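Heads up: the structure comes next, in structure tokens.
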């Protein structure tokens, strides 16, 4: 090989001959590559990198050549080590494209209106003592302010806005809290859809399920952009707001100190300021703090109009005509068979039901109503799934889908009619209640839904269906409010041949008061007398129904305090009280009011729970704890022991133990009591054998959400346990069963 250019020529060493052997020549260390060939180093590296120096060559010493320099060991290596040792940059959170509209900014008027609506709603929506015009105005403002914020495309959103406004307005017309609550919840859920309409069912469902909450952060940025622009145009606005805030703070601080220092000044301040409860003020400020972001995000929703619908409808798997036709055809045949049986039952009447099922027509109707209602709802879901999976490629596919789904929708409507007729029959026998009115409303709405589904199945296009379903639901609620359900219940029960349950009628809202004006004086005074209707209601709690009740109650007398108890005869009760001075009133025997203190009330205490004010436990109702002899001819036995207890809040417990001469008399007496409760039409009566097969005899009578009455027969005793203003479902039965067992044990022990 040729030597590299610039390398020194080898020379003989004069001392080489003295060495025992000739040592090889140490190769000269290679020089560093040219600057042009070396990797480019940064200026910092050039300043701090020390120059590599070659060690001095000593004569006669063999110096090994330095190791060859690796290519990656260049002057930039320290910088690379520092770079790769540094932590990675934080991830960048991109704005939500559904809500990010940097070109939009809120006006100062919009922000002010947001705070005004929040403060007004915090003090006016729930003023105490009921709801009324304050809630209506707050709800209307919740939809009006956002629409005023963005008036673009106002016309397409106007019909929905009118529906929402009408739903909120129910609070100013009706006093029935359950009707107002249903309409208010519907209006609240529909408002985001009115502000940002969606086209498909997915986007509609997301908008109703609080998907708008994801826009809260962006709505505050929207408000801040508007404030920044306003401040740049008018910097005096911030100074005015700051000045007002400082003024209010100074007045509060120094005014409070002066009031604390001088009682006369404190009295003056107290007369000038309204009477405020600090806890109430705090809670209302919390409500205002919740309403501010709510109104703001809804205003931004109207301006940004986010879309929750998918941009393009994703392709999905469809089934074949055979896979769809066989299950639907079988189901249609099953529906047809059931409808044929129903026609036979309804044409046969009660005699046919008694012959085949051994039940009265009312009992037969009640037993099947809920199952039929569930069938109707399940059919709706099935039709929706089948329409989504159905093939529509050929004309034969489309006609198969049309025929099968249309038949299923038609027969589902027949099931809805059957369920409605069952409830009508039950109502004719037992009277009208709020639950039954609500059931009629839902059944009517289901029938309308099936009619719309029938149209959609026939056209095989139903883009309009989600909006039509929601609109029909809102109209159904408005119709419920228009018929004035509490007044309808009172009018129906008064006009029909049912024994009036004054206790239930008195629990209706003020909407029912005008219906009581034509009752006999004693019943009218019971329902309208007293201080139930006065003029002390807050202005924001006023509604038209309450105003009509005030007018109807004019001239009503003072009610009898016991008038709401059925079959209560004060004179008869007073004449039948046991004289404790007589020798037959044994304080140690069972038939004495002392027995009431022997009951173990731990289970019923746990069942009643704690009231909203923190009350817990039961307190004896002394006037309702006594024993009395009865007239056997009345059919209620020979004597009875009453034990009444006050529970937390308005809850109440009554234990009544009746004694007959024989067990046969006891069974006959309880059967007569059960028949009387069924004929009265107030309670929903169920034989105890349907609930507990081990019980000998008895029945359960339930008054919708108000009273659970349990009667059980043991030998010649019958114990009736009544739980008022508490849960009336199956959880009450073990409590009553325990108290009935205690009554039998106490009678066995005390005699």
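Yeah, the Cβs are placed from backbone N, Cα and C, and that goes for glycine too.
Keep in mind that what you see is a predicted model, and the values were worked out from it rather than measured.
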Annotated stretch (transmembrane segment, per TrEMBL) among the listed ranges 74-96, 281-303, 488-510, 511-533: 281-303
Kindly point out the range from 12-37, 38-63, 324-349 that TrEMBL annotates with transmembrane segment. 324-349
Considering only Cβ pairs under 8 Å, which range in 281-303, 436-457, 464-483 makes the most contacts with the transmembrane segment (201-220)? 281-303
For the transmembrane segment (324-349), which recorded stretch in the set 161-189, 240-261, 369-391, 464-483 gives the largest number of Cβ pairs separated by under 8 Å? 369-391
Count the Cβ pairs between the transmembrane segment (161-189) and the transmembrane segment (403-424) that lie under 8 angstroms and are 6 or more residues apart in sequence, then report whether there are at least 3. no
Residues outside the transmembrane segment (464-483) whose C-beta sits under 8 Å from one of its C-beta atoms, at least 6 past its ends, are 160, 163-164, 166-167, 170, 173-174, 179, 182-183, 186, 190, 193, 197-198, 200-201, 204, 437-438, 441, 444-445, 448-449, 452-453, 456
Taking a Cβ cut-off under 8 Å, which residues six or more beyond the ends of the transmembrane segment (369-391) line up next to it in the same chain? 316-321, 324, 328, 331, 397, 401, 404-405, 408-409, 412, 415-416, 418-419, 422-423, 426, 439, 442-443, 446, 449-450, 453, 456-457, 460, 462
Using Cβ atoms and a strict cutoff of less than 8 Å, what residues sit near the transmembrane segment (436-457) while being 6 or more residues removed from its termini? 369, 373, 376-377, 379-380, 383, 387, 401-402, 405-406, 409-410, 412-413, 416-417, 419-420, 423-424, 426-427, 465, 468-469, 472-473, 476-477, 479-480, 485, 488-489
